[in-house]
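> Have a look at the structure that comes next, please.
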């Protein structure tokens, strides 16, 4: 266990991140639906503002030193994958895919990461984790109901976002043996806006009016707060303790969707989400035990 393990602080920071993300999602969705803003415009403005807010933290990392890397091409690919995930997610919200459905499907990201770790990183996954992964996707199918008459392909956008964010996390894992965490953060924050700009230009629409700008600024500030809160959570408490609190984002986003749009999720959401959460919890616990065994051997 970490010397600086403060469970209550870690839990509160993770819950703060979940609440901030719920606000971000509902605000971004409201801006797209009510003001007709393209999701690419929302992504560009939201993350550009977040970077301005988080700039003081960026300076503490030592930008010049953090920029030193021999893996620049891989960092470009890593950030590109993250941006595609962001774009698909905001596209889903703009469509609109209800927040309750989107956030539950987004929770399949660790399942994709498990598949990628076996196929790409050549890690030994084992039968138990393969079964847990398959079970998790069954939960996603229950939420999606692809056999229903009213099924829409747009419902798959959050699944696409989950896939690209899982790919991003695998890139982080691969690069962690070459570069420091500060290098990862600096390149992410510096490259995310140029990528978002390239994707926003073809469909660019200038946000018009005080209300929409207040919404976008609020979303940017909350995005920065969420990222900072996650970093604080993992800094003050053990990862194995903090990780389960990430699942609080589901009820928080469901609550936000109900308050802002009046969306009430059907019963199948809770069944499917419970299956996904249990599958991810099993995989996370397995990974934690594996890491401890490796540290003990070392």
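Keep in mind that glycine also has a Cβ here, set from the backbone N, Cα and C atoms.
Below are the features listed in Swiss-Prot for this protein:
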type: TRANSMEM; residues: 8-28; note: transmembrane segment
type: DOMAIN; residues: 10-144; note: domain 'EamA 1'
type: TRANSMEM; residues: 35-55; note: transmembrane segment
type: TRANSMEM; residues: 79-99; note: transmembrane segment
type: TRANSMEM; residues: 101-121; note: transmembrane segment
type: TRANSMEM; residues: 125-145; note: transmembrane segment
type: TRANSMEM; residues: 151-171; note: transmembrane segment
type: DOMAIN; residues: 156-284; note: domain 'EamA 2'
type: TRANSMEM; residues: 184-204; note: transmembrane segment
type: TRANSMEM; residues: 211-231; note: transmembrane segment
type: TRANSMEM; residues: 258-278; note: transmembrane segment
> Helix, strand, coil residue numbers for the domain 'EamA 1' (10-144) per DSSP?
112 helix, 0 strand, 23 coil
> For the transmembrane segment (35-55), which partner among 8-28, 79-99, 101-121, 125-145 gives the most CB pairs under 8 Å?
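It is 79-99 that shares the most Cβ pairs under 8 Å with the transmembrane segment (35-55).
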> Do the transmembrane segment (79-99) and the transmembrane segment (125-145) share at least 3 Cβ pairs under 8 Å, sequence separation 6 or more?
no
